[in-house]
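Summarising the annotation, TrEMBL assigns disulfide bond to Cys170-Cys178, Cys299-Cys334. Residues annotated as domain 'Glycoside hydrolase family 19 catalytic' in TrEMBL: 60-120, 143-191, 198-334. If you look up TrEMBL, you'll see 1-29 marked as signal peptide.
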Amino acid sequence: MARKNPSMEAAVVLHLLVMAAWCATAAFSAKPKVCDKGWECKSSVYCCNDTISDFFQVYQFENLFSKRNTPVAQAVGFWDYHSFITAAAVYQPLGFGTTGGKQTQMREVAAFLGHVGSKTSCKDPLLHAPPRTGVLSLMLSVCGYGVATGGPLAWGLCYKREMSPSQSYCDDNYLYPCTPGVDYYGRGALPVYCPRTSAAQLLGRDPTPSPMRCRNYNYGAIGDGLKVDLLNHPEYLEQNATLAFQAAIYRWMTPMKKKQPSAHDVFVGKWKPTKNDTLAKRLPGFGATMNVLHGDQVCGQGPVDGMNSMISHYQYYLDLMGVGRQYSGDNLDCAEQEAFNPSSTSSSTT
């Protein structure tokens, strides 16, 4: 019977211990590190980066929206920094303002607010023209599509509601599936499209309750995402600034359709264009965020005012935040991009 070699046994044991330690280390390292940053960002790998309040503070918010509480504004006292940060805290663990390095994080906040500022801007009647109507609320097309016509860059967040809603908001493409005469959250019936009436125009609608009211798709979809009945109570958005910011950020972070990117995805580099996207000139950058959020209302139309207004606000905010417009990124505009989701009007004319 062969005698055991103690040194060989020791070597085998040592080898097994080393292998076990390596496997344990590999298994541990395979799990992504998650961090907590207090109330603002919890239990996410994104929370290991700076939070938004680390690089975007009250004084910067005030600089970006310095004219929002002037007498000419229609939402005096409504929007504030605390409401924005509270709303953003819901989405920071998902990567909003917390993806990539500090510069990418700051650029995303500036890009998001660039859309917000453009869509809620008003004009100084002493220097330019009276405040324009027909301006969309902060919702980034939650109420429907609209095109800003430019204006002073310091006048964002002047509005909290659509001042002269367009009947196009009741386009059949944007009606939300529901059952007439039954609560929106009712069960047991196949969804159908609720009827509409041109007299009932969402936030600018006739205030009388009516089952015939126009049901806008975006209110229903975003209400589902926020677990708030915005379909039947869109007025909640003009009563609660935090909820309004949440709705806008939800829209920024959520794709319009399956297998399509969100505005967040196309901006921070999480989206890889397909061959069809490339042929349609859709490439990652700020321009693609306008495509995701506004489609052919501003994209594929050449250098239209609505597109230029959003770009101008974005770059202005980059400057004020200390990043600088030289870091706006590639593919800044969408002048030649085909829309991800062409509108019915566009489709009918092509």
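Including glycine, each Cβ sits where the backbone N, Cα and C put it.
Curation does not apply to TrEMBL; its annotations are automatic.
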Counting only other Cβ atoms and using a 10 Å cut-off, which of the disulfide-bonded residues Cys299, Cys334 scores lowest?
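Looking at the disulfide-bonded residues Cys299, Cys334, the Cβ with the fewest others within 10 Å is that of Cys299.
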Averaged over the domain 'Glycoside hydrolase family 19 catalytic' (60-120), what pLDDT does the prediction give?
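Taking every residue of the domain 'Glycoside hydrolase family 19 catalytic' (60-120) together, the mean pLDDT is 96.
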